[in-house]
Structure formats: structure tokens, C-alpha cells
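These notes are about the structure you will find just below.
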């Protein structure tokens, strides 16, 4: 199980930047589809919020993957003394 | 200490915490339910800059602010105590809701109206971000170790009951005043009424004592000096925050929002069900399923939290597409036979002029009743042009009313989805409480909870609609978002989480 945890860590590390790239491309695409200035400003605002909030989450997923790859989740703490 | 708490006291603790959380959810939902009316009253009709404020007020406060509220109030809760912090969130939430009910209309004060709405909405989002962690921690820290899941599951019911209460008060007020008066000023009553509920709740909460575990920490001088640093700068604890987010709350958030919110939106917007029918279906489904929050919370005390939550996610992954396919098939009225039709009643044809044009829009509407008790409206809107003649529009079938057996089948399908919500949501408060130590518990558990719920869950309608707009998408394509997120959370949870309960949270 610990080997599986480690190798899956690689997937989580890759998934973070992939998600951000996908969202960024979607943002450009959807802003390009707008017709009026107001619609464009609203869409930019919505996507800016989404990118702003998902960037740290994607970083978190990469860090989670890195910890998993390093074997940090092989043993979970059983009491607060371990935290 | 908590094991020796008298039984009536623990129920007072649960009652005081749940009532406050219920009011917070009530306050949060009434804005969503009345957003259209508020838009007419407090925002200018010609959009302009206020459309941006409107977007922010409705879109952003729903999910972006909650994690920040979790950080701000979580930190306060670990510094000054649970009782006073979640008292503060209640005052902020209730106060801002009350003041939304007092904002003069756009006609009276201009752009100050939408700006005030935005500010109060942001305060609401922050307060909600701080409330849940406090209430769950407070109850869990009073509960005996073998009933932590059971007692905290009462807190979990409040999100659903808050939705119920908000719908109920809006419907009652509207029925008493009439639709016109309600749209004019009556919509303010549910907001203003909030203050009564808040005062009662504050009175009850003021009489409660601080959590025994936090009091002990304080007496021993072991309260955290910097909860944010200790939660997120301490690698061992930060690892658990990440695990809680990706292995549990992320999946729980999408299951919750799909079952309770996306389902209603799908029935109304995609299946074109009648307004009342879609709401009654949801209300019945919620009413039948709500007791299961407590059932699964209590069960998690016996068999562990992990597999109950993950089973809820797995069932969602497996059954969402078949369920929504059934919704589509059973509301597809395009293949009805002529012999199925009982009557066809045409409504008067209406015609309105298009602004700055000589053309007009002509609407032809027909109500069709079927022999099995179902009905629907066929609406066709054509453009009547002085130069080009009549340009025929597409016929739309809407306001579908279901025959009784199908109505109850839909109630069953919604019940099943809410049952999954109760599986993932019932045990999660106890699960999060047991993951973190007392001195930084409020901070550590609030952030993953609100990112999971507010961000991953709150974005279900937006991202599902986005996916449905891709070329080649079908009405079911939007489901890939909750299915994908739940699947990711299921894999991470199954492989990395432990099912072992921490019996001692007094550390």
C-alpha cells in the first residue's frame, strides 16, 4: 500500500499544473466568446476569481503529491503528540 | 470531562449550537431564494457597473469568502475560545441579514444600494465561514467519545433545515401578502425576521459555558499563540489539512451540492419542470432523508467515519448518470401520442414591441393536458417584422407537471441523492474534529471544510453549466464535474485515510 501511495503521489503532482492550464485556457476561451464590454468584464471577473481561488488549491494538490511521494503518509499520526 | 456531562446539558449544548447554525444557513439561503426580487429592488434595471457588483455579491460571496472567514474566525476561536467566536459570527450574520432588509431601494439612494448589498453579503460569507467550525468543535468537545458522531450529526442537519425554514417563511409571507406586495416590500420581512431568531439564539448561547477542553487548555496556559502558523506552518499538521481536503471534504462538497442544489436546477432548467413541482419534489426528498444525518453520524461511532463517507461518494459516482437520465426520459414529452392528449387550451396571443425597432415579438402559448394527469405549456415566440414578414421561432415545452406516479418516483430519486449527502456529511464533523489537536482545531478543520464545501461544492452549478456548453456536450455532461471530483476524493480517501477513530480528542 505504501508503494501505491508513493506512485500516486506523482499523479497528484502532475494533476495540479494540468488543472491550472486547463482552467487558464478555458478562461481565455470563454472571455473570447463574449459579445459586449459588460459581458466581457463580468466573465473576466468570474474567471479571475476562479483562477485566484484554484491556484493555491492546485499548489496544495502538488504539495500533497510531493508529501505522498516522499512517504509522509505511510504512517498517519495517532495522537496530537505526533502533530 | 465531557464523558461526565449530564445528559440534559449535552442536549442544551447541541440545541444552542444547532439553532445558531440553522439561523446562519437560513440567513444565507434567503438571499439566494430572493435574488431576483432583490435584483429588481436594489440594482438598476439598465445593468451597467452594478451588474459587476451583482455578480460579485451573488457569485463571489457564495464561495470565495467562506475560506477566509474560516481562517479569521478559526484563529479567533483558537485564541479566545469557541463560545465567544461563534457568538460573534452569529451577530455578524444576523446583523448583516437584518440590514439587507433595511437597505433603501435603488430608486431612493442610487448606487449606494448595490454597494451596501455587496458589503453585507461579504460579511455573511465570512460569518458562515467561521460558524460551522465553532459549532462542530463546541459540540464535539462536549460529547462523550463513543457518541461524538451522533451528537455532531445534529449540527449537520442544520444546512438542510435552514433551507427548509427559508423556503417556508418565504412561501408563508408571500401567501399572506400576495405576490405584488411581496415583490414591492414584503420580501424584506424574511430578512427582518432574522433578527428575532438571532436574538433568541444569542440569549441561549450566552448562557452556555466555554468548551471544557478549551477551558482546560486556557487554565493550563496551553492556548495556541499563533493558530494559523501552528496549523499551516507545522508540516505534520499541514499534511493532515491537505489530506482532509483532498480525501474527504472535496468529495463531500460536490455530493452535497449535486444532491441538494444541482438536482433542483436540473429539474427546473433542463427538464423544464413546473416551478412548484420541482420545489415540492426537493422538499419531500429532503424531509424523508434528513433523519439519516443522525443515523449515519451515530453509525460512524460504531464502524468508523471513513467507509461511510466514501461509500456515499462511490454511490454518487455510480448512480448520478442513470438517475439524471431517468429525469430526462420521464420528462420527455416529445413522443406523446395524439390519444394521450385530454385537452388543448390556447392562451391569448401576446405581442410586444422590440425596443428601438418596428419589429415585435409574438408569443403563442398552449396548455396541453394529458390523460395520465400530466400537463405542460407549449410556447412559441415569433418575430413579426415589417420588412421580412413573420420569422418563426422555436417551440419550447415548459412548466411540465408530472403524473402522480412519476412525481413520487422523482421524490424517490431525490431522496436517494440526499441520502448520499447524509452519508458523506453526517459523520464529517466528528471526523474533522478527531483529526486535529484542541489548541488549533477550530482553525485546522475550518479551512478544509470550507474549501471543500464552498469552493468545490459551491462551484458545481457554474462548472457543470460550463461543461454543458462544450461542443458535443449532452444535458448529462455537467455531471462529469461532481463525478470526477468525487472519484478523485474517493481514491485519495480510500488509500490515504485511516478508519481508526481518535478516542482522545482532549489533547
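Cβ atoms are placed via backbone N, Cα and C, with glycine included.
Just so it is clear, the model here is predicted, and its values are computed rather than measured.
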Transmembrane segment according to TrEMBL, located in which of B:220-239, B:240-259: B:240-259
Contact call for the transmembrane segment (B:150-173) and the transmembrane segment (B:410-433): at least 3 Cβ pairs under 8 Å, seq gap 6+: yes
Segment-segment contact (the transmembrane segment (B:109-129); the transmembrane segment (B:21-43)) at 3 or more Cβ pairs under 8 Å: yes
For the transmembrane segment (B:240-259): best-contacting stretch of B:21-43, B:307-324, B:410-433, B:454-473, by Cβ pairs under 8 Å: B:410-433
Selection from B:21-43, B:185-204, B:410-433, B:454-473, the stretch that has most Cβ pairs under 8 A to the transmembrane segment (B:279-300): B:410-433
Ranked first among B:21-43, B:307-324, B:454-473 for CB pairs under 8 angstroms with the transmembrane segment (B:84-103): B:21-43
Stretch with greatest number of CB pairs under 8 Å, the transmembrane segment (B:454-473) reference, B:21-43, B:185-204, B:307-324, B:410-433, B:479-497 candidates: B:479-497
